[in-house]
Amino acid sequence: MSVESAENNIRGVPTHGGRYLQYNIYGNLFEVSRKYVPPIRSVGRGAYGIVCAAVNAETREEVAIKKIGNAFDNRIDAKRTLREIKLLRHMDHENVMSIKDIIRPPQKENFNHVYIVSELMDTDLHQIIRSNQPMTDDHCRYFVYQLLRGLKYVHSANVLHRDLKPSNLLLNANCDLKIGDFGLARTTSETDFMTEYVVTRWYRAPELLLNCSDYTAAIDIWSVGCILGEIVTRQPLFPGRDYVHQLRLVTELIGSPDDASLGFLRSENARRYVRQLPQYPKQNFSARFPNMSPGAVDLLEKMLIFDPSKRIKVDEALCHPYMAPLHDINEEPVCARPFSFDFEEPMFTEEDIKELIWKESVRFNPDPPIN
């Protein structure tokens, strides 16, 4: 017997005594617990693999299932997966993606693929910006407010996202926004530089472009500013071809920093490098963004500041006059306890990480699987 998806005729084949169903989605095999039933459809793919929508037969809600294939082939990818699972399980906020399940593998010894189940969203901000759907100033305010509201919670958990960009901001038809993809997140106290992954350059703060290792939560605020500008102009603010071009685009808009603004750079080489760059005056933001409301322009100027210590903080941004129609301090919760990355031991092997992800799946599914 097979379970069939009416929508596109994707059939589920029972495996492991009927405890699991296997779906073939455009050549990708998905083996999931039997409670995840048709209609099954592909809703996206990325470097990590493929995402499908399915229905949880127990709750009748549609969910997203992300398959991370061969998740333990290298330590960096495996660590990223574990980090995201642990972080999202720790978080509980309307504007942060939540994990509903880690599908427990049928056999621990054959555990190679990780399936993360989360709420299903309709689209992401990148898709909306690139579409021809009209966006008003109210849309812009609502998107940025929710982003800041979620970020306040994330930062209060002692976590930096480090990779905020439109495609990581998930939306549904009501314009509700959730921050996703925490695979690059770090604690605010860590000072390791991002050697593992190439974070999208266009949304990176100047201190990261200049290899500053002791960065702060201000890196995420810079990214919010880039996103705010992109919502209004529907073009990336700083689409740099490389780091040098990226820094030039930044200084062409916000002006070249003076010496006082370079205090955060500990490296004399970095300061010397910035000083020898072509000098640009700051542009008039109102002229540069004629379609942006004055309040949004003012907030943008406070986010796009070269010196991270002078950049507006997330709490201050929520209190900014532009956010006044939505801001309510009592509806902007913080995280009850800080998140700890203690599980990330430097000596961890792929097998150690596999064991920890296995334990996460057992936490969601305590019943032993059929072998």
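First residue shown is number 1, and so on along the chain.
Using N, Cα and C of the backbone, Cβ positions are placed for all residues, glycine too.
Feature annotations, reproduced from Swiss-Prot:
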ACT_SITE  ASP163  active site, proton acceptor
BINDING   VAL43, GLY44, ARG45, GLY46, ALA47, TYR48, GLY49, ILE50, VAL51, LYS66  ATP binding site
DOMAIN    37-323  domain 'Protein kinase'
MOD_RES   THR195  phosphothreonine
MOD_RES   TYR197  phosphotyrosine
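If you average pLDDT over the domain 'Protein kinase' (37-323) in this model, you get 91.
Counting in whole angstrom, the residue listed as 'active site, proton acceptor' lies 18 from ARG45 (ATP binding site) by their C-alpha atoms. Under the DSSP three-state reduction, VAL51 (ATP binding site) is assigned to strand. Of all the recorded positions listed (VAL43, ARG45, GLY49, VAL51, ASP163), ASP163 sits in the most crowded Cβ setting, with the most other Cβ atoms within 10 Å. For the recorded site, ARG45 (ATP binding site), the DSSP three-state label reads strand.
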